[in-house]
């Protein structure tokens, strides 16, 4: 029996509580304190916080978990686009988070004109324990980038052209078989992913995953689908493991676990064969300083190889799928692009990395797709430095604020582009930019940074462009393409989980009729 002095509570007699009553009373008091803390925090965030002058949704500011739920549902990026359209180029999307669509914010957040703003990693998510070029702090990032850069120089990429063309030709062979069959409909999303995945696997590990050879998706691709669902869960510090257990199926959890083991085993196999490997690939360059102070460890090799393959193959295949959708949805652009390709090349053998870089309208179509459907539609967030405010887009931003330029919102902003929601590749042509009467003359083309900006921009940018140009040119040279009915809204109703959900896109392939 617990006895509480009654006088302390205004009673004449002492109060006696059983153990269970005491426990219940303690729970009620603790819950009351927790509710009071939540209410005070919400009030502070909305009315007293240093960021209170920036507009934003009250629900996300007062209760950040509401934003996290939107993220898990795959709707957060679409809501941010709408919020920017309504509230302006700087909005508050969390208690300590600002989103930007102003072009100058690229330089201010990601550029080199100041001390580097550190990447924001959610503590307790486990991401800080994975040493790779995306999550690494500044010093390790420089070390990883130094190890990878030689593999992605123009000379190194040219050296790999024959290998890449071999996989692209294998894709074309498969598509010819579909075009000649009674069912000429192809899920291009799947086949593009298998192609880029095989390419990056060979470039990284020196061996193919054989997705194109077998016509079947490798287990790695299935694990990538699970990882897309996993990413939003990482914003819940310290309980992400519990959410993974609760929300992911046993098969998805097993797939993620197997993926980590598979990546490490492939890396160790490639290291073991380093002296007998017949050609230079990514790993050849990364192994040069292995184990040295400025080199990379075996664990870091495995982690970075995983990132190179997963991020490189997924983003490139996403862009290719988007290009196919927008061209098929815009017959005039498709006809002009196909005409340009077919007039430029008399035979398939003439289609090379160098030659495809000289097709202005096709390049414009690629750039416009990256604007309309950026492979990474969200923000790559940073945190402002402690101890002083940071000037971003003309505004002094308080210390320790999470900031980022939101790709999708920036690219679809009417402040930045005329007819921003429409696929208009002509906006990228030199003659359009130089025409004072063009409605696109004031477009802020430099606001489009699908490969990010500054010292942490995508290291594989040039390789990605080579792949996209080569694959698109060969497709348009060999085939006439048409969307299967029912896929007209494919590009506008997708969920996002840092990357696009990217459901299947089915296209009819018809062999090109050559003029005799």
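The count begins at 1 with the first shown residue.
Glycine is no exception: its Cβ is also placed from the backbone N, Cα and C atoms.
Residues near residue 458 (heme binding site) in space but far in sequence (CB under 8 A, at least 6 apart, same chain), listed by position: 451, 452, 464. Marked as heme binding site by Swiss-Prot on the basis of similarity to another entry: 458.
As annotated by Swiss-Prot, N-linked glycosylation site applies to 187, with the evidence given as sequence analysis. The Cβ neighbour count for residue 187 (N-linked glycosylation site), using a 10 Å radius and every protein chain shown, is 15.
The feature transmembrane segment is assigned by Swiss-Prot to 23-43 (among others), with sequence analysis given as support.
For 229-249 (among others), the entry in Swiss-Prot reads transmembrane segment.
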Give the helix, strand or coil assignment DSSP yields for residue 187 (N-linked glycosylation site). strand
